[in-house]
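First up is the structure itself, then whatever we jot down about it.
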Amino acid sequence: MTQDKSSIAPAEALKDENQSLHLETAEPDLKANNYGREQPHVSTAKVLATNPRIIALSIFANVGALMYGFDTMSLSLCLSMTAFEIQFGQATASGYVIPAWWQSLWNALPQLSCMLGAWGIGHFSDWFGRRPCFFLAGLISSAGVALLYIADTSPIFLAGKIVNGFALGMALATGQSYVSEISPMKLRGILLSAYSFSMNVGLMIAASIAFSRLSILNPSSYKVLFAIGWVWSGILILFAWVIPESPYHLVRQKKNEKAHRALQRICNKEENTSAVLADIIRVFEHEEQLAGESKNSTFKECFTGTNWRRTRIILFCNGLSQMMGATFQSNGPYFLVMAGMSSSQVGMIVEIGLAFAITSSIITWFVLGVVGRRKIILSGICLSCLFYLIMGIASSFPSSTKSLWCIGVALELTWWVMGPVIGPAMGIAGEVSQARLRAKSQSIGFAFNYFFSTVWNVVVPYMFNTDEGNLGGKMGWIFLATSLISLVVVFFDFPETKGRSYEVLDEMFEQKIPARRFAKWQCGDEASEL
């Protein structure tokens, strides 16, 4: 896409005390630079094939999402392990039962610590860069995993969950910022949506390991799950200093020569890295002009002017998974056991559901470049409404094997639509913020994600636990309602960001283009290349 030259100042050579880098101010080579503008003559497959480094870096950056999925499913599955129930539960006439309030604490407080980790990493990331954030997240996670591994009482287990949760918040917020800053525009949606794929892979790994150990009646059955957490934290620690720093962070620090060297490590050999750097500098120049006297980005800026609209979109993108029942889904195994299914039946249903989720995430990558983010999200929410409607109707009939299986299958089918909804939504969240505010915007988004998750993690166990609300399959009616609300919000507020450079997105938000008109809006004298 050709950008509107009248609205964006040309890049100039920026200097600081230590280094300077001469940048060409002439028109960048469109063929060489696929970071700042669309290339209709170059296929997405070719861009993927010619950028293996970026793909590898994105896989690393999404380790945080994998860790989060693994951690979430591990707890849910441990709750259905006999050895775990004996260790942390209370003896009753029907066996060992873990009190609902401990389940709520184990789910809710780690979400709050995730929120604090995501919020706190915003300033740290802007000051020191993305690499130290990955390293610090790995160190803290390894300490949290150690507490989980040695825990023999509920309070120690809770402490481990809280420490590990803080690290997960750091890793997730940093990962999305990093991916959005290294991705060519043709790959940006795919690589940002890999967030949900990575999370589903983490869920699948945890499920595959846990279900093979359900029959083991000693603590090793669940401790193996926690020990594997050291693998993920080890990856963050080992590779944090190997990956190149984000060029956006380096330009923000006026370290243009280092940014150029980082781009040479990130991009393929045919890429015109000087033109890529010129694009990045131009974005910062333009945004600094808009910011006026505010040279240093602040959290307050994210809530003022046109940035408030961007932040609002990011907030709902991060809350969308809970509106579609993520906490209910992650507690699915325990819910189905409480409803009367055997462990083997639950294992089969969960693994099939996760296989659906991973497959749908992969299919989404191929569809994303054709139809864009918005249509996929809307379609996925519609399917989610259908599955929750089926669950609600099935729960209205007297309890039987058929109704129970119908509820279980409908619940796991909601995993199938989670990838096509959450992946593109997280892609939009990574694209709509200003470049200079990206780290802080991601911190705000993930902090809200975990705050919102905390609310649901406290409430949901009380809703379906047999000793509390005992709603069972009637939970389908609740999440049908929240999914319908999400459908309305997405329709009116989520923009289509496909084929838009960060420069052009800045212009569109400045001009207050309605979300429904983003896809067809024309930039300057050129038609949008959709």
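Any Cβ shown, glycine's included, is placed from N, Cα and C.
These features come from TrEMBL:
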| type | residues | note |
| --- | --- | --- |
| DOMAIN | 57-498 | domain 'Major facilitator superfamily (MFS) profile' |
| TRANSMEM | 54-84 | transmembrane segment |
| TRANSMEM | 133-150 | transmembrane segment |
| TRANSMEM | 156-178 | transmembrane segment |
| TRANSMEM | 190-212 | transmembrane segment |
| TRANSMEM | 224-244 | transmembrane segment |
| TRANSMEM | 348-369 | transmembrane segment |
| TRANSMEM | 376-393 | transmembrane segment |
| TRANSMEM | 413-432 | transmembrane segment |
| TRANSMEM | 444-464 | transmembrane segment |
| TRANSMEM | 476-494 | transmembrane segment |
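For the transmembrane segment (190-212), the most Cβ-contacting stretch among 376-393, 413-432, 444-464 is 413-432 (pairs under 8 Å). Note: the stretches the transmembrane segment (224-244) and the transmembrane segment (413-432) are not in contact (fewer than 3 CB pairs below 8 A, sequence gap of 6 or more). If you look at the transmembrane segment (156-178), the same-chain residues 6 or more away from its ends with a CB under 8 A from one of its CBs are 57, 61-65, 67-68, 71, 75, 88, 102, 105-106, 109-122, 125, 130, 133-134, 136-141, 143-150, 192, 195, 226, 229, 233, 236, 246, 426, 429-430, 438-439, 442-443, 445-447, 450. With a threshold of 8 Å between CB atoms, the same-chain residues lying at least 6 positions outside the transmembrane segment (133-150) that come near it are 61, 64, 67, 117, 121, 124-125, 156-157, 159-168, 170-171, 174-175, 223, 226-227, 229-230, 232-237, 239-241, 243. Mean pLDDT for the domain 'Major facilitator superfamily (MFS) profile' (57-498) in this predicted model: 87.
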